[in-house]
Amino acid sequence: MITDTLRAKRRRSALVAKRRRTALRTLAFMAPWLIGFAVFFAYPLLSTVYFSFTKYDGFRPPVFNGLDNWTYVFTQYPQFWPAMRNTLWLVVVMVACRVVFGLGVGLLITKVKTGTGIFRTLFYLPYLAPPVAATLSFVFLLNPGTGPVNTLLDGAGLPQPGWFTDADWSKPALTMLAVWGVGDLMVIFMAALLDVPKEQYEAAELDGAGAWQRFRHITLPNISPIILFAVVTGVIQAMQYYTQPLVAGKVAAGVIGGSGQQFEPGYPDKSTLTLPQIVYNTGFQRFDYGTACVLALVLFTLCMAFTALLMRRRGGLIGGGHR
Amino acid sequence: MTPAHRRTAVLQWIAVHSLAIAAALFFVLPFVFVFLTSLMTDQQALTRDLVPDTWVWENYAKVWDTPGFLTWWRNTLLYAGLGTVLTVASSIPVAYALAKFRFRGQRVSMLLVIAMMMLPPQVVIIPMYLFWAQQLDLSGTLWPLIIPLAFGDAFSIFLLRQFLLTIPDEYLDAARVDGCGELRALLRVVLPMAKPGIAAVALFSFFSLWNDYFGPQIYASDNPAAWTLSYGLESFKGAHHTNWNLTMAATVLVMAPVIVLFFFAQKAFVEGVTLTGVKG
């Protein structure tokens, strides 16, 4: 009897030891991420929350000022609502254009029979162009006076917009740049389209369904999770839009980049302001860290809301990788 | 096939390929115009001409010899190269644990990884900047950008985990039965099978670091000796602000390595993109 309890005890302690070993092992494998998360994310995020309630210029110590920065941002800060309106515009128009165009090109590439590889590569390449280089190229291409695009429009007898120098055309110009780099969506849609079961098309064809009906009733329902994925990731990208609008504004305004020169972003007439840009401008050029932290937290909240939506989609991003 | 069927098939072939050629023009013409302008003289680049009269290949030599350009290359290679190595090395064990272990808090960890992947760097940049610049005095270098990469990168962890899930557990179980520890199982069994996934993650990481503008702007903008190509390129335009020919030549030089690398690693890259969206 004694030996029985002893054995049970020993078994239990062996089990505990094993569990501890497994836990330690997991901890060891997860360590880089855990440290990174704590040091480079959780702690700074809490600091951001703290600074958002202070008056802080980075030199003198932060002074608590309650909700002052928050009310300032929402009621008086001249950059805030233009940036929010631009973001809304980009979320609606730019994301819609990218998704529709990406799906269109994805469909097209599945129908191409000759030279598929060449076409796919050509469609994909702009996605790889470094954002600063791509933006510089587009500011040049859409240069109202001498750019090739307006030269071509002139040749065709069409009106020639001012693009990046005209507040009404700067966001359409950014949209063209974004649509040009649609190669990532093309690849994702192409893979999804090739996964639609062939039998469904054959059955529909036997029933006499036309091309549009087959697209509407078979293709779309089959790829709808991917469309949702493209829309939500597109919205998150639009909220994070930084390099392209900043560089386009700077270059179109003729500002010399690099050290020294201050630049009031949003040229022309705040039409290219976005939230991340005003976080940078408010913090690192106006040295108003408190207000910048409020803006950062608004950005945080918006991104998290859409990420939550993304994670709730059927099958979820973390559902697993079973094909 | 009846003649009528064949006729529709031929018409369809023509319609699809005309559309494809039109789309190809839209995607390729910007590159073509940029390249053509990079070969014009200063004066011609300011006109409406589309094709250079004389092909000035020396523009490229001039850009190459611009003070700072080689330094920016070196910095970019250091940032993108070392950054990629650190990202991959630190993300692999985390992705492995998330894909192949069972532990409490696994789901939450995964949710946090995805949440971080979706967050723009601007959200925490102010405390981060103060930390690196004021406490560690590393402003004006690329180290504040490189060091955090040794602690895993959310996107790389996510992508690798998606890839590791496709490797059947049976291989691992067999290794464990043979008395392999987890580390040995990871190094000897999983990594060789995960090569395509690792290649995709490395490429993505390299491209995103090569393209990064915000990071160098925050930490290196005060010190041109620490600029990267992405950051320097725009100032290049400023330094020669009417010289579209030289600016476009510099643009071509910054785009070229990315495109060359893509041709060598096309398959891994496309596979990676697909992995982010489809196999969720």
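Using the three backbone atoms N, Cα and C, a Cβ is placed for every residue, glycine included.
Whatever TrEMBL says is automated annotation, not expert-curated.
The annotation transmembrane segment is assigned in TrEMBL to B:12-36 (among others).
Annotated domain 'ABC transmembrane type-1' per TrEMBL: B:73-265, in sequence order.
Beyond its flanks by at least six residues, the transmembrane segment (B:77-99) meets 106, 109-110, 113, 142, 145-146, 149-153, 156-158, 160-161, 163-165, 186, 190-191, 198, 201-202, 205-206, 209-210, 212, 216, 228 of its own chain at Cβ-Cβ distances under 8 Å. The transmembrane segment annotation in TrEMBL covers B:77-99 (among others).
TrEMBL lists B:111-130 (among others) with the feature transmembrane segment. Beyond the ends of the transmembrane segment (B:111-130), by six or more residues, the same chain brings 98, 139, 144, 154-155, 157-158, 161, 214-215, 218-219 to within a C-beta distance below 8 angstroms of the stretch.
Same-chain residues lying 6+ beyond the ends of the transmembrane segment (B:142-164) with a Cβ under 8 Å from its Cβ atoms: 75, 78-79, 82-83, 86-92, 94-96, 98-100, 110, 113-114, 116-117, 128-129, 132-133, 136, 190, 194, 196-198, 200-201, 204-205, 208, 212, 215-216, 218-220, 226, 228, 272, 275-276, 279-280. Per TrEMBL, transmembrane segment is recorded for B:142-164 (among others).
Summarising the annotation, TrEMBL assigns transmembrane segment to B:185-207 (among others). Here the transmembrane segment (B:185-207) has long-range neighbours at 80-81, 83-84, 87-88, 91-93, 96, 100, 153, 155-156, 159-160, 163-164, 167, 171-172, 175-176, 258, 261, 265, 267-269, 271-272, 275, meaning same-chain residues at least 6 beyond its ends whose C-beta is under 8 angstroms from one of its own.
For B:244-265 (among others), the entry in TrEMBL reads transmembrane segment. Beyond the ends of the transmembrane segment (B:244-265), by six or more residues, the same chain brings 34-35, 37-42, 44-46, 56, 59-60, 62-64, 66, 69, 199, 203, 206-207, 210-211, 229-230, 233, 236-237 to within a C-beta distance below 8 angstroms of the stretch.
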